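A.B. asks: Below is a structure I'd like to ask you about.
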Amino acid sequence: MNQLEMKKLAAQAALQYVKADTIVGVGSGSTVNCFIEALGTIKDKIQGAVAASKESEELLRKQGIEVFNANDVSSLDIYVDGADEINPQKMMIKGGGAALTREKIVAALAKKFICIVDSSKQVDVLGSTFPLPVEVIPMARSQVGRKLVALGGSPEYREDVVTDNGNVILDVHNFSILNPVEMEKELNNVSGVVTNGIFALRGADVVIVGTPEGAKIID
């Protein structure tokens, strides 16, 4: 079974958490694209969705699913998103697709965060296999980069990428994130940082892992 098939298994399994007549929070990325496709099969059951990226908005509309603005909803029943890494405590690194800020906003609206991944995304320590994305106000890029170096990281400017919010991304290598909650707070306090890709303060409630043996649910 290849990686795409495992992603589809996890995405399909997430449908069991979708309740009738609700608005579903939807993240972004390749695994979420599989979920959007699956969500299209039950589009008449739901009111619609709030999307964390413009790309996800477009895909939802192609499926005939109404897209709501985050400002027009007070809460969401569930938020479904993928991860670049996830640890046993259900904390994640996200932002490979540069949608991390909007993902945090939509996740904060949800009563339940459901993370869908394939088994390659599971790690013991965050930062083991994937650099940490940090969204930065453009004029602060160099200043934030120096601060990240002082904290022990090796930031790399993600060239030719502008976020949906008009900002830039620094990918920080060589961070072994032993205390994700404290690291998330510390980085978010750096002037010029919009947010970083650690999802620890608001981690996942349920993790669905696509494996060669099927979808494994961790709650």
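Note that Cβ sites are derived from N, Cα and C of the backbone, with glycine treated the same way.
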A.B. asks: Pick from LYS121, LYS147, LYS185: which one does Swiss-Prot list with SER28, GLY29, SER30, THR31, ASP81, GLY82, ALA83, ASP84, LYS94, GLY95, GLY96, GLY97 for the same substrate site?
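C.D. replies: Answer per Swiss-Prot: LYS121.
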A.B. asks: According to DSSP, folded down to helix, strand and coil, what is LYS121 (substrate binding site)?
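C.D. replies: Going by the DSSP assignment, LYS121 (substrate binding site) falls within a helical segment, counted as helix.
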A.B. asks: How big is the Cα-to-Cα gap, in Å, between GLY96 (substrate binding site) and GLU103 (active site, proton acceptor)?
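C.D. replies: Cα of GLY96 (substrate binding site) to Cα of GLU103 (active site, proton acceptor) measures 12 Å after rounding.
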A.B. asks: Under DSSP, is GLU103 (active site, proton acceptor) helix, strand or coil?
C.D. replies: helix
A.B. asks: Taking the residues SER28, GLY29, SER30, THR31, ASP81, GLY82, ALA83, ASP84, LYS94, GLY95, GLY96, GLY97, LYS121, which the record names as binding substrate, find the longest CA to CA distance and state it in Å to the nearest whole number.
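C.D. replies: Binding-site diameter by Cα atoms for substrate: 15 Å.
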A.B. asks: Among all the protein chains here, how many other CB atoms are within 10 A of the CB of GLY96 (substrate binding site)?
C.D. replies: 21
A.B. asks: Just name the most isolated of the binding-site residues SER28, SER30, going by other Cβ atoms within 10 Å of its Cβ.
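C.D. replies: It is SER30 that, of the binding-site residues SER28, SER30, has the fewest other Cβ atoms within 10 Å.
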